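J.: Below: one structure in structure tokens.
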Amino acid sequence: MSQKQPQSPNQTLISITNDTESSSSVVSNDTTNKGWTGDNSPGIEALCAIYITYAVIISVGILGNAILIKVFFKTKSMQTVPNIFITSLALGDLLLLLTCVPVDATHYLAEGWLFGRIGCKVLSFIRLTSVGVSVFTLTILSADRYKAVVKPLERQPSNAILKTCAKAGCIWIMSMIFALPEAIFSNVHTLRDPNKNMTSEWCAFYPVSEKLLQEIHALLSFLVFYIIPLSIISVYYSLIARTLYKSTLNIPTEEQSHARKQVESRKRIAKTVLVLVALFALCWLPNHLLNLYHSFTHKAYEDSSAIHFIVTIFSRVLAFSNSCVNPFALYWLSKTFQKQFKAQLFCCKGELPEPPLAATPLNSLAVMGRVSGTENTHISEIGVASFIGRPMKKEENRV
């Protein structure tokens, strides 16, 4: 039995699939509210600012992620276990930037949904798949960093790269499975304004006439794609912090200087992944909170105030911006990636020359990697350290 909601005085929502009226005044926790159209639509200055922001996110994000992916595939020293996950993360971000972000920008230009029922389902599926790939990959990366800190010199099997590719593929499959219900329930609905004799279509991610389903959808999304993964990541980083603290206390006096360098190296690598996690948490929190507010507070969709409009725009832009910040976070944290990034950006031919092995400092965190020109797999520097630029001593193989 549908749970009827109070009807907005000047709007009626009807499903175009069954052409039956529903008294819900909401459209989607991700699409529109009354303040976006009609008399309450933003002025030309606001629209210009919105489109410029979206254009910057799309162009900068595509450029940054494309270069990151190119660096990974063209530079053998970057093809390591953690960097496979980081590249998978970039692929998910690139998918979102090429599809969902441009479509979202059309909401401010057109009076409704332009991409039909199939487009509604496909784009809903892509959006949630990309979010799942991001947060689940960060969770696996945190587990990988924990293992590297606890057992830094453990020799990994020769097929570690292949296994990591399989894990990355499983993350994509799992994300798609979680996104399927949203694709199934997504539908196009028509928003009718009797006062202006106007109708417009919008894509909703759940049956809009079912208030309970709206609440369940928002709550499950918040738990599965935010709270639970970040809680797991928090546990791993608590264990990492405890391990690093104990290793500092147990450093022998005669090896104080050398061991402290190893501990500092561990901290730098863990910090890289932690920065990516923090960026995800910061960028997606406002969007999740706004979705919960819209789903559990009926009158939220009738709020046509400028403040509500600004908060809505801010949460969406911040969420999409997460898809373009990771390459620049790596650029900031990694001298090696800075050089590779600049080389690819300015179309330099070939890879940058590798620095002399004897002149490079020790990085004690080891994972499996391949040495260029050989088929043997050895203990080597941690994959993220390739981005950080902490190659290894002469006696050790460098990624």
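Positions of Cβ are set from backbone N, Cα and C atoms, glycine also.
Among the features that Swiss-Prot reports, disulfide bond is placed at C120-C203, with the record citing sequence analysis. Taken from Swiss-Prot, the feature N-linked glycosylation site applies to N10, N18, supported by sequence analysis. The S-palmitoyl cysteine feature in Swiss-Prot is assigned to C347. For 1-41, 104-121, 185-220, 294-313, the entry in Swiss-Prot reads topological domain 'Extracellular', with the evidence type sequence analysis. The annotation topological domain 'Cytoplasmic' is assigned in Swiss-Prot to 64-82, 144-163, 242-272, 334-399. Sequence annotations record features per position, and here Swiss-Prot assigns transmembrane segment to 42-63, 83-103, 122-143, 164-184, 221-241, 273-293, 314-333.
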J.: Would you mind splitting the topological domain 'Extracellular' (104-121) into helix, strand and coil residue counts from DSSP?
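T.: Counting residues by DSSP class gives 11 helix, 0 strand, 7 coil.
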J.: Out of 42-63, 83-103, 221-241, what stretch is closest in contact terms to the transmembrane segment (164-184), meaning most Cβ pairs under 8 angstroms?
T.: 83-103
J.: Translate the DSSP assignment of C203 (disulfide bond) into the three-state scheme.
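T.: DSSP call for C203 (disulfide bond): strand.
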